Amino acid sequence: MALRFPRFSQGLAQDPTTRRIWFGIATAHDFESHDDITEERLYQNIFASHFGQLAIIFLWTSGNLFHVAWQGNFETWVQDPLHVRPIAHAIWDPHFGQPAVEAFTRGGALGPVNIAYSGVYQWWYTIGLRTNEDLYTGALFLLFLSAISLIGGWLHLQPKWKPRVSWFKNAESRLNHHLSGLFGVSSLAWTGHLVHVAIPASRGEYVRWNNFLNVLPHPQGLGPLFTGQWNLYAQNPDSSSHLFGTSQGSGTAILTLLGGFHPQTQSLWLTDIAHHHLAIAILFLIAGHMYRTNFGIGHSIKDLLEAHIPPGGRLGRGHKGLYDTINNSIHFQLGLALASLGVITSLVAQHMYSLPAYAFIAQDFTTQAALYTHHQYIAGFIMTGAFAHGAIFFIRDYNPEQNEDNVLARMLDHKEAIISHLSWASLFLGFHTLGLYVHNDVMLAFGTPEKQILIEPIFAQWIQSAHGKTSYGFDVLLSSTNGPAFNAGRSIWLPGWLNAINENSNSLFLTIGPGDFLVHHAIALGLHTTTLILVKGALDARGSKLMPDKKDFGYSFPCDGPGRGGTCDISAWDAFYLAVFWMLNTIGWVTFYWHWKHITLWQGNVSQFNESSTYLMGWLRDYLWLNSSQLINGYNPFGMNSLSVWAWMFLFGHLVWATGFMFLISWRGYWQELIETLAWAHERTPLANLIRWKDKPVALSIVQARLVGLAHFSVGYIFTYAAFLIASTSGKFG
C-alpha cells in the first residue's frame, strides 16, 4: 500500500475519513507526537527548521530590496524625502480600466503602483544606501545568505553533521555564544557600519567597497582609542543646521550623547545611535564570557540556581531543580523566548514612534501609524503563544518530584490566590472604567456635559514632569530649573533631551488629560483580563477543581459531555482560544487610542481628542465613524480613487471577520448534517459525480471549528483595521 498522508502518523494515515487530512495538518509541526520520534531527532528537526526559517526571512527581505530597486523610485525619493511618495512596487492588473490606471499612477511612476508604508525607504536611506545599485547589491547578498541557510539546514540533517542531544543541552555554551556572538559581535558590526558608512553618508560622503579602506571615519583615526582620549570622538558633532545627506552644517564626531532629535529629519542623531550600539556590544561581549564551559572559569548556571537560598525560607527550596526542568523542556524554553520577544516587539512599537531612529520617518504619518499597529498586533500573538507553550510544558514536561517545594511548585500550590487576585483586578477595572464612560455618555446625551466625571492623571503627569516636561507646572527633577539634575542635563548628558520633550511637534511624552486616563484604564482592563485567562489556562493545564486529572487528556481536549463531569472549555487550549479574542480586543483599544490621539496631534486639533474621548459615543462617532468616511467613499458616482482598494479591503475584512462566527456559533451535528447533504447532492449531480473521493466527509471537531473560527475572526479583524488605518491616515495627509 502506498504511503498516505500523513507519513509521520500511520494511525492517522489509515483513518477512512477527512479527519485524516485535518488532523494531519494540525499535527504536522508537533514533532513530539510523530511516530518513531526520539529526543535526538526532535532536537535535530527543530534545529534544521531554524535554517529554513532564516532562509525565508532572507528571501523576503531580498524581495523587498529587489522590487524597490526594480519598480520603485528610491533615487528620486532620496532627493526629496518629504515630498516624493515612496513606491513599494508596481501593480499589474488586467482588470484596471482608465480611471483605475490614473488613480494608482503616483509618485512619479509611469503606471499603477503601490505606495510603501513600511518605512523601508527611510531605513535604507538612514543606513547609507543611496542608489538602486546599492539596493540590488543588498538583494543579491541576502539571496546568497538565503541559499547558504538552506544548505545549512540540509547539511545538519545529514548523519555526519547532525548535532547530538548533549550539544543542544549545553546551556552555558549556547548562552555564551548567543550573548557574545549573536548580540555582542552583531552590535559591534552594526556600530562599524554606522561609523564607516551611514554617518559619512549623512554628511554627504559616499563610502563603498572601493574606498572604505582609505576614508577615515574620524579625522584622527584610531589615535584617540589607543591613547585613551575617547572624548575626542564626541567633539564637534553635527550642528542644528545640518542638512541630512550633505556636508552643510555637518561635524566630525562619531560617538556622541547629544539626546533629542536632528532638527531637520526629526530622528535620533546617528552618532548617538552608533554610541548606543557600541555600548550594547561591549556589555554583551562581557556577558558572553560569564558562564563556565570547557575552560573552568565563570559561573555554572545550575550552581547559581541551587545555591540561592531565599531569605527567611519564604520561597521553600527556591530554584532547586529548575535547571534540569528548563533545560529538558523545549516548551519551557520556547515559552520564555516568546515572552521576551513579545515584550520586545511591543517596546519596538512604542519606541519607533516616540524615539524615531530613521530619517524623516516621523513626518511620514501613515507609515508611523502602520508600523505601530503592526508591531503591537505581532506582539499580542507572540505573547499569547508564550502562555500556550507554558501550558504545554505543564502537561508534557513538568515533573512534580523534580520540583518539590521550589518556586515553580509553589506557583501551582497557590494558583487560586493568583487567579482570584487577577480576577478581582479585572472586575474592578472593568466596572469602574465602564461606569465612568457610561456616566459621561449619559451626561452628554442629557445635554449637561459639565456633569461628566473627568479625572486628571496627576501621577502620570508627575512622572512626565520628572523626565523634564514643563507644561504641567510640577517643579520636580528635570523640570525643576534650579535643581542639580536639570543643570547636569544641560551639559553632561543628553543636552538635546529637554528641548525635544518640550517641543510639541514630536510624540515624546504627549500631553495627557482625562480622556487618556479613561482609555489607559480600559487598556489596563484588557491587559489584566487577557493575562487572567492565559495564566489560568497555564496553571490549570494539569488539573483544576472540576477536572483534577487533565494530564493524559493533553493540551486540546474537546467538550466531552456530562459523562465525565462536563469538560467544556476547561482544556488549556480553550483558555488560549478565549485569550486571543481578549488580546485582539485590547490591542484594538490600544491602536484606536494611539491613532486618534496622533491624528488630532498631526492635524493640530488636539482638543477634538481631549473633548470627545471621555465618553463612548465620542469614540464611536468622532473616531470610528468620522474616519471611516474615506473608506465608504472609495467608490462613488464620480468613479474611483486611490483609496478604493482600501475601501474594498475594508468590506472584505468585515466579510472574513463575520465568516468567523459561522464556525464559532454552531454545533457539530449541524456541520455533519450539512456535509452529508452536500455529499448526497454531489453524488447525484451529472458531471459532478464523475469526481469521487475516498475519504468519508466528517464534520470538523469542536476544537477545529473553533480554530477555524478564531483564524477568520483574527484575520478579518486585522484586515479591517489595517484598511481603516491606512486609508484614513493617507487620505488626510497624502
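Any Cβ shown, glycine's included, is placed from N, Cα and C.
When other Cβ atoms within 10 Å of the Cβ of Cys568 ([4Fe-4S] cluster binding site) are tallied across all protein chains shown, the result is 13. The DSSP secondary structure for Cys568 ([4Fe-4S] cluster binding site) is coil. Annotated [4Fe-4S] cluster binding site per Swiss-Prot: Cys559, Cys568, in sequence order, evidence recorded as sequence analysis.
Under 8 Å, Cβ to Cβ, and six or more positions away along its own chain, His654 (chlorophyll a B1 binding site) finds Gly716, Thr720. Secondary structure from DSSP puts His654 (chlorophyll a B1 binding site) in a helix. The chlorophyll a B1 binding site annotation in Swiss-Prot covers His654, and the record cites sequence analysis as its basis.
Feature annotation from Swiss-Prot assigns chlorophyll a B3 binding site to Met662, Tyr670; the stated evidence is sequence analysis. Reduced to three states, the DSSP call for Met662 (chlorophyll a B3 binding site) is helix. Counting only same-chain residues at least 6 apart in sequence, those with a Cβ under 8 Å from the Cβ of Met662 (chlorophyll a B3 binding site) are Gly709.
Within the same chain, the residues at least 6 positions away from Trp671 (phylloquinone binding site) whose Cβ sits under 8 Å from its Cβ are Ala699, Leu700, Ala705, listed in sequence order. Residues or ranges marked as phylloquinone binding site by Swiss-Prot: Trp671.
If you look up Swiss-Prot, you'll see 46-69 (among others) marked as transmembrane segment.
Annotation comment: Swiss-Prot describes 135-158 (among others) as transmembrane segment.
Tertiary proximity for the transmembrane segment (175-199) is limited to same-chain residues at least six positions away from its ends with a CB under 8 Å from its CB atoms, namely 126-128, 207, 212, 215, 217-218, 254-255, 270-271, 273-274, 277-278, 280-285, 287-291, 293, 301. According to Swiss-Prot, the feature transmembrane segment maps to 175-199 (among others).
Swiss-Prot lists 273-291 (among others) with the feature transmembrane segment, giving sequence analysis as the kind of evidence. Beyond the transmembrane segment (273-291), the same-chain residues lying 6 or more positions past its ends with a Cβ under 8 Å from any Cβ of the stretch are 171-173, 175-181, 183-185, 187-188, 190-191, 194-195, 198-199, 234, 254-257, 298-301, 357.
What Swiss-Prot records for 330-353 (among others) is transmembrane segment.
Under the heading transmembrane segment, Swiss-Prot lists 369-395 (among others), citing sequence analysis as support. Same-chain residues lying 6 or more positions outside the transmembrane segment (369-395) and placing a CB less than 8 Å from one of its CB atoms are 117-119, 329, 331-332, 334-336, 338-339, 341-343, 345-346, 348-349, 352-353, 530, 534-535, 537-539, 541-542, 550-551, 554-555, 572-573, 575-576, 579-580, 583-584, 586-587, 590-591, 594-595, 598, 718, 721-722, 725-726, 729.
Look at Swiss-Prot and you will find 417-439 (among others) tagged as transmembrane segment, backed by sequence analysis. Long-range neighbours of the transmembrane segment (417-439) within the same chain, counting only residues 6 or more positions beyond its ends whose Cβ lies under 8 Å from a Cβ of the stretch, are 411, 452-453, 455, 518, 521-522, 524-525, 528-529, 531-532, 535-536, 539, 614-616.
Residues or ranges marked as transmembrane segment in Swiss-Prot: 517-535 (among others). Here the transmembrane segment (517-535) has Cβ contacts under 8 Å with residues 384, 387, 418-419, 422-423, 425-426, 429-430, 432-433, 436-437, 455-457, 460, 575-576, 578-579, 582-583, 585-586, 589-590, 593, 613-614 of the same chain, all six or more residues outside its ends.
Per Swiss-Prot, the feature transmembrane segment maps to 575-596 (among others); the stated evidence is sequence analysis.
The transmembrane segment annotation in Swiss-Prot covers 643-665 (among others) and rests on sequence analysis. Residues 100, 103-104, 628, 630-635, 700, 705-706, 708-724, 726-727, 730-731 of the same chain lie 6 or more positions beyond the ends of the transmembrane segment (643-665) yet place their CB under 8 Å from a CB of it.
As annotated by Swiss-Prot, transmembrane segment applies to 707-727 (among others).
Around the Cβ of Tyr670 (chlorophyll a B3 binding site), the number of neighbouring Cβ atoms within 10 Å comes to 10.
Sequence-distant neighbours of Cys559 ([4Fe-4S] cluster binding site) (same chain, 6+ apart, CB under 8 A from its CB) are Gly566, Thr567, Cys568, Asp569, Ile702.
Mapped onto three states, the DSSP output places Cys559 ([4Fe-4S] cluster binding site) in coil. Listed by sequence, the residues of this chain that lie at least six past the ends of the transmembrane segment (135-158) yet keep a Cβ under 8 A from its Cβ atoms are 44, 47-52, 54-56, 58-59, 61-63, 65-66, 68-69, 74, 124, 129.
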